[in-house]
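In Swiss-Prot this protein carries:
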- Asp86: active site (ACT_SITE)
- Asp88: active site (ACT_SITE)
- Asp226: active site (ACT_SITE)
Amino acid sequence: MIDLFRRYYRENNIDPPELISKREVGYMTFSGEVIRHLKINNRFELNMLLRDAAPMHVYSSAAYYRKPDERKMPEKEWGGADLIFDLDSDHLPGSEKLSQKEMLIQIRDQTERLVSDFLIADFGIPKSSIKIYFSGNRGYHVHISDDRVYRLGSDARREITDYITGNSLDETVVRRAIDMLGIASGGWPAVVSKELGEASPANQRRESDLRKAIKRARENHSVLIDSPVTYDIHRIIRMPNTLHGKSGLIVKEVEIDHLGEFDPFQECIPDQFRDGEYDVFLPEKIKPVEIGGIESPKMPGKHRVKTFMAVYLVASGRAVFP
């Protein structure tokens, strides 16, 4: 597996995230060793590292530091951080009953809602400040680079996650989230009002009506984000254009206007994995997955499959190389 990953990194020049010299960089090897607290100064240094180490996973911090290679967080001298949202299909209700394709479609829809209904409509974040990435496996990462968010502390970011998830949905939380980012009125109050409907005059509505409307609003309009990823101001996140070690797929940027049609199992296969075939061994029956328009084998035993399929099955733990 490591040789296949090394080929990808040797045949591609990976562009680093902006201001890479101020970010902590880390990676995990195929032997399970975690290397952190690295400082990378430029594109050349990054690609030399990737070609030499051929890592299983690659990360960079959302935060900007004066000394990113210091091992203790206080000594790094935090100077701000991008605002990051992590959406994982494993968090979907009933995900264990869904196919991989169904899970990815649902989490893609959640990502669209986050971007259009919350980040753009409610928070007023311009499209130019938003970047969406397929995580390389089960979901999406949304990065916000905007002057209004860089210096937000953990508590302020937690308020934002509470607003988006609807976990503390009441007038106080909604209003504080809106005021914090200086956005127009609307958002949850408008959604709850719509759920209340016009069936009865406002002065005749009972408290129970409001509670039911809030419950429906939360169920129908909230987004399932992994909140700790957002409010942890020292979080490291997968580096764009690197490979995910549990799938062999690329952590790839998705244009906002293309998200609705995006198919990661077609568009995130490395070119280096499209040629050739490998033997894999399935120790037990599996639920088949479809990658690159090809359905995987499902019965136990030895199978000859395309390289990208072999990488995915082995990386995800479904198969081994014999």
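Using the three backbone atoms N, Cα and C, a Cβ is placed for every residue, glycine included.
Location within the structure of each feature annotated in Swiss-Prot.
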residue: Asp86; record: active site; CB count, 10 Å: 19
residue: Asp88; record: active site; CB count, 10 Å: 20
residue: Asp226; record: active site; CB count, 10 Å: 16
Distance, Asp226 (active site) to Asp88 (active site) (CA atoms, angstrom): 7
Reduced DSSP assignment, Asp88 (active site): strand
